[in-house]
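> Dropping the structure in here first, questions after.
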Amino acid sequence: MLMLMTFNSHSSLLFLISLSLCISITTLSFTPDTPWLNSVDRNDDNFKGLAIERAVDGDSNTGGVAKIKRYLHYFGYLPLQNLSFDDQFNSEFELAIARYQSKLGLSITGKLDINTMKQILEPRCGVSDFAHGKHVTRRYVHFPGKPRWNRHKPIVLTYAFSPDHFINYLTSNDVRRVFKRAFARWAAVIPVSFREANDYGFADIKIGFYSGDHGDGQPFDGVLGILAHSFSPESGKLHLDAAERWAVDFSTEESKVAVDLESVAVHEIGHVLGLAHSPVKDAVMYPSLKPRQKRADLNIDDIEGVQALYGSNHKLRFGALLRSETSVSSGVTLLRQSWIGFSASIASYYSSCDCDAFLVFIASLILV
């Protein structure tokens with residue numbers, strides 16, 4: 001502390017930043033507290049002992065590379081042709097890393113740098129990020145063939161919860177309220193409504209909490225890792241990993257590995273409607289979600305993507321979605337209104353109460 005006091009403010013700041021970076025790099029570890037899929041087992045000694053410095057340097061003998069190859073293959077970045085799950089850091093592996101970095105909005109280096117490894121270790125959706133034939137824009141992505149629910153208009157989709165696959169630490173009412181809000185977020189922007197049905201067998205969308213291998217070819221892996229998965233239209237299957245600690249209110253949930261149920265529900269409903277993963281980090285269709293993170297508000301990317309499939313909701317009454325705040329500045333009263341349920345990056349407008357004109361500010365439209 002005495003040494004810091006003798007520095008000028010600029011030097012002190014640089015020292016603190018450098019110290020922080022050193023601590024971050026030194027303490028980064030790959031402990032088995034968040035297992036991946038069975039084929040990418042983080043309990044494996046080779047994977048736990050992965051040396052990032054050697055990976056960044058392209059060391060062909062870096063232990064654990066085979067596990068990361070399995071991870072990249074599972075999520076669509078490494079093709080089946082001539083694929084070998086070994087520890088060779090070759091050009092195909094480097095290209096796969098670069099694809100992953102591009103898709104997840106990371107700096108494209110083709111190396112297993114710190115940020116890439118942190119991203120790989122984050123809990124995420126089990127749906128593949130990449131497949132040939134996907135319809136890709138500069139932001140949002142649709143599944144191959146742009147599948148959607150083909151119903152007579154007005155489109156009404158029913159959903160139901162499996163009576164045999166539930167979790168006992170959340171009440172049925174709490175789970176139903178969360179999903180009702182999640183469906184309402186999508187219904188607010190497209191001409192599709194959602195209604196809970198009593199008959200699970202005949203519902204369009206079937207929701208359940210499952211453990212391990214549950215018969216759909218995509219087994220769950222325990223706490224964190226793969227959180228949930230769902231399927232493109234018109235499958236309607238929406239599965240959540242029963243091993244997770246699902247939370248409906250973080251103010252009353254103490255677990256450090258708790259996962260926000262609403263955020264995951266909104267994301268998986270996006271898949272059910274036909275959206276694939278987005279590279280926009282603020283979008284609900286971004287594939288990963290940290291423990292105790294909430295990301296349930298629709299981003300402009302999510303809205304544009306789903307409206308490209310179903311059109312816009314012409315019955316939407318914006319007045320019902322507006323949150324208002326008033327303030328007085330220089331004698332002019334300004335009304336700040338933002339759309340509830342949407343990301344702050346989408347839109348907000350300030351209108352003068354003394355005239356008919358208003359200005360619209362649209363911020364953070366991310367192009368990737």
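From the backbone N, Cα and C atoms, a Cβ is placed for every residue, glycine too.
Pasting the feature list from TrEMBL:
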- GLU268: active site (ACT_SITE)
- CYS125, HIS267, HIS271, HIS277, MET285: Zn(2+) 2 binding site (BINDING)
- ASP204: Ca(2+) 2 binding site (BINDING)
- HIS214, ASP216, HIS229, HIS239: Zn(2+) 1 binding site (BINDING)
- ASP221, GLY222, ASP241, GLU244: Ca(2+) 3 binding site (BINDING)
- GLU244: Ca(2+) 1 binding site (BINDING)
- 145-312: domain 'Peptidase metallopeptidase' (DOMAIN)
- 1-29: signal peptide (SIGNAL)
> Taking only the binding-site residues ASP216, HIS229, HIS271, HIS277, MET285, which one has a CA atom nearest to the CA atom of ASP241 (Ca(2+) 3 binding site)?
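Nearest by Cα distance to ASP241 (Ca(2+) 3 binding site): HIS229.
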> For ASP204 (Ca(2+) 2 binding site), what is the secondary structure by DSSP, using just helix, strand and coil?
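Reduced to three states, the DSSP call for ASP204 (Ca(2+) 2 binding site) is coil.
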> Any idea which of the binding-site residues ASP204, ASP216, GLU244 has the thinnest Cβ neighbourhood at 10 Å?
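ASP216, out of the binding-site residues ASP204, ASP216, GLU244, has the fewest neighbouring Cβ atoms within 10 Å.
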> Compare the Cα of MET285 (Zn(2+) 2 binding site) against each of the recorded positions HIS214, ASP221, HIS229, HIS239, GLU268 and report the nearest.
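With Cα distances computed to MET285 (Zn(2+) 2 binding site), the winner among HIS214, ASP221, HIS229, HIS239, GLU268 is GLU268.
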> I'd like to know which of the binding-site residues HIS229, HIS277 has the most other Cβ atoms within 10 Å of its Cβ.
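Of the binding-site residues HIS229, HIS277, the most buried by Cβ count within 10 Å is HIS277.
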> Cβ-Cβ under 8 Å from HIS214 (Zn(2+) 1 binding site), same chain, 6 or more residues apart: which ones?
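Non-local contacts for HIS214 (Zn(2+) 1 binding site): HIS165, PHE220, HIS239.
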> Going by Cα-Cα distance, pick out whichever of the binding-site residues ASP204, GLY222, HIS229, GLU244 is nearest to HIS277 (Zn(2+) 2 binding site).
HIS229
> Take the C-alpha atoms of ASP204 (Ca(2+) 2 binding site) and HIS271 (Zn(2+) 2 binding site) and report the distance between them in angstrom, rounded.
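One finds 14 Å between the Cα atoms of these residues.
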